[in-house]
């Protein structure tokens, strides 16, 4: 199915595999997904997975799996490098620097963004599985995949009946550690059993979560006014993690899928998940001042 060599895939082979799992046609119209940098004919023996195509990730890709300068052949990220057109990409520009670093080392860069968000085993499902949701379905259905599975943004499922406070403690214990932590909005003694999740920015689905009749909604990047106005209107309670922490659980899932596909095809492939936390924040302080 993939490639002309029985023991090695090419960038194009990996692209075809990703397309079979996360079709580009299911991405949002504003999104940019696919091969950003690289030669589809180049061989791929090692892949680095990360959420963001930052300079630190590019440097890690150059350093290679063993850190000895034998670089990764390919980087797959969730987020695109650019969402808008660019006329200039000099090395002095952060995005241009990433492109230059990767091209100099012959490293391909590919991304799957909203097409991975809506997939039945994509970003939202990874988050739902991480926190233990059962019997999940899409929060915002948008169609079916080639195998007939319903796809869409977010997931809705159930947990054993608990309180918001206990559920928040559980979520905080399993989300990837980062400086932002987990914000909780609502009565911590309230009952939680039905839960919605949406990795990444979740303002747009506040009303959808309410209409779904869930007790709690886990997402990220909630702004002050939308969150405050939502809570004034009642359920669901809100749990707000970081963008990075709510989307990065998909990376180990993707790593397993790639490794399993390579084993099934008798292909040599090393896949690693970057442990670099690409949140913009580096630390967190609890504020302690008083209003005059």
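Glycine too: its Cβ is placed from the backbone N, Cα and C atoms.
Record check, TrEMBL: divalent metal cation site residues include 78, 79, 243, 247, and the candidate from 39, 117, 215 also listed there is 117. Excluding 78, 79, 117, 243, 247 themselves, the residues of that chain whose CB lies within 8 A of the CB mean position for the divalent metal cation site are, in sequence, 51, 113, 116, 123, 199, 200, 248, 250. Shown in sequence order, 51, 78, 123, 127, 199, 200, 220 are the residues of the chain, 6+ apart in sequence, with a C-beta less than 8 angstroms from the C-beta of residue 247 (divalent metal cation binding site). Cβ neighbour counts within 10 Å, taken over all protein chains shown, single out 78 as the most crowded of the binding-site residues 78, 79, 243. Taken residue by residue with DSSP, residue 247 (divalent metal cation binding site) is part of a helix.
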